[in-house]
Amino acid sequence: MIPPEQPQQQLQPPSPAPPNHVVTTIENLPAEGSGGGGSLSASSRAGVRQRIRKVLNREMLISVALGQVLSLLICGIGLTSKYLSEDFHANTPVFQSFLNYILLFLVYTTTLAVRQGEENLLAILRRRWWKYMILGLIDLEANYLVVKAYQYTTLTSIQLLDCFVIPVVILLSWFFLLIRYKAVHFIGIVVCILGMGCMVGADVLVGRHQGAGENKLVGDLLVLGGATLYGISNVWEEYIIRTLSRVEFLGMIGLFGAFFSGIQLAIMEHKELLKVPWDWQIGLLYVGFSACMFGLYSFMPVVIKKTSATSVNLSLLTADLYSLFCGLFLFHYKFSGLYLLSFFTILIGLVLYSSTSTYIAQDPRVYKQFRNPSGPVVDLPTTAQVEPSVTYTSLGQETEEEPHVRVA
């Protein structure tokens with residue numbers, strides 16, 4: 001008898017042995033201490049390069065560069081003021097501020113005057129005139145106090161105490177703008193301040209720490225007062241340009257700044273202005289000062305909106321170094337290698353600060369006083385719990401998990 005066929009056994013193809021694949025994979029792994037470590041090292045280097053490219057991205061470099069443009073404008077302001085006060089004995093800080101406010105008035109206030117609707121100058125004045133009046137006074141007196149301090153205290157004290165604006169901006173941004181910082185931001189801030197301390201140390205070593213110093217306590221208090229007012233003005237500026245517009249801020253600053261500086265000029269500085277030996281050189285210096293000041297005021301809101309008030313004030317720490325580098329050729333200052341160390345230390349701190357975005361724990365109930373009536377208004381339910389939103393403020397999306405925000 002013929003045995004029955006077994007089709008199932010014939011139809012099943014031989015399955016490949018799984019252990020062969022596993023064995024092959026294990027055999028291909030580089031052994032410890034062998035030449036395979038080179039590939040691991042190459043992958044590590046590639047990972048480091050990728051992280052560096054992520055940190056030094058285009059947006060971050062643009063932000064740092066914009067801050068340095070502001071520093072160069074402040075350098076121009078300082079140089080023209082130095083020539084006016086030391087070479088031509090024209091000590092007119094209020095008049096110089098008055099010229100800047102007049103330019104802002106002519107450009108931005110007139111722009112508001114010709115607008116229609118809720119963005120018109122009269123409509124803005126009806127709703128917010130007293131707030132801009134206070135802001136104009138703060139901005140004017142911040143400039144005046146710091147310039148006045150040079151008559152009483154030393155350059156070293158002014159450079160150190162002027163850094164007080166940074167903690168003022170951080171605290172005001174935290175409580176009023178609800179900006180939240182990460183550890184890397186505080187590390188960057190500390191590095192920037194260390195760079196500033198290095199510059200002051202270099203000034204002491206080369207003998208630039210001397211100053212008038214007639215009444216050092218009064219001068220130091222003037223610097224602290226001016227730095228505090230600067231911080232308030234910068235945070236208020238960021239608040240307005242993020243909720244309203246840059247043109248409105250500059251137009252109202254020009255209006256009230258010109259008004260109050262004109263009054264202060266007539267009361268306190270008219271005699272000094274009459275003593276100025278007017279000629280084409282002095283006129284050119286006033287034009288240069290006004291151009292740099294107008295450029296600073298016009299460009300700073302753009303940089304603040306792209307970054308933040310804190311980032312801008314950190315960037316401005318290099319302004320003294322630019323003035324010093326120019327002074328090496330113009331005023332024959334002594335050079336120290338610590339100046340270069342200070343410059344690059346501040347830049348490293350800026351890179352660290354800008355490498356990670358800050359974020360805003362934004363409660364929709366916060367921005368009420370400067371709300372733009374022409375913009376869309378969203379009615380929030382009164383019975384439901386208002387939940388905050390988390391918005392990154394500077395340099396793009398973060399890959400890490402968004403921090404948890406709680407509203408009390």
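Including glycine, each Cβ sits where the backbone N, Cα and C put it.
Pulled from Swiss-Prot:
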REGION    1-21  region 'Disordered'
TRANSMEM  60-80  transmembrane segment
TRANSMEM  94-114  transmembrane segment
TRANSMEM  129-147  transmembrane segment
TRANSMEM  158-178  transmembrane segment
TRANSMEM  186-206  transmembrane segment
TRANSMEM  221-241  transmembrane segment
TRANSMEM  247-267  transmembrane segment
TRANSMEM  284-304  transmembrane segment
TRANSMEM  311-331  transmembrane segment
TRANSMEM  335-355  transmembrane segment
Per Cβ pairs under 8 Å, the stretch of 94-114, 129-147, 158-178, 284-304, 311-331 packing most closely against the transmembrane segment (221-241): 158-178
Recorded stretch, among 129-147, 158-178, 186-206, 247-267, 284-304, maximising Cβ pairs under 8 Å relative to the transmembrane segment (335-355): 186-206
Beyond the flanks of the transmembrane segment (129-147) by at least 6 residues, Cβ under 8 Å: 81, 93-94, 97, 101, 158, 162, 222-223, 225-227, 229-230, 232-233, 236, 252-253, 255-257, 259-261, 264, 369-370
Any contact, the transmembrane segment (284-304) to the transmembrane segment (158-178), with at least 3 Cβ pairs under 8 A: no
Winner by Cβ pairs under 8 Å against the transmembrane segment (158-178), considering only 94-114, 247-267, 311-331: 311-331
Distant-in-sequence neighbours of the transmembrane segment (311-331), which means Cβ under 8 A and at least six residues beyond its ends: 63-64, 66-68, 70-72, 74-75, 78-79, 82, 159, 163, 165-166, 169, 188-189, 192, 195-196, 199, 230-231, 234, 300, 303-304, 339, 342-343, 346-347, 349-350, 353-354, 394
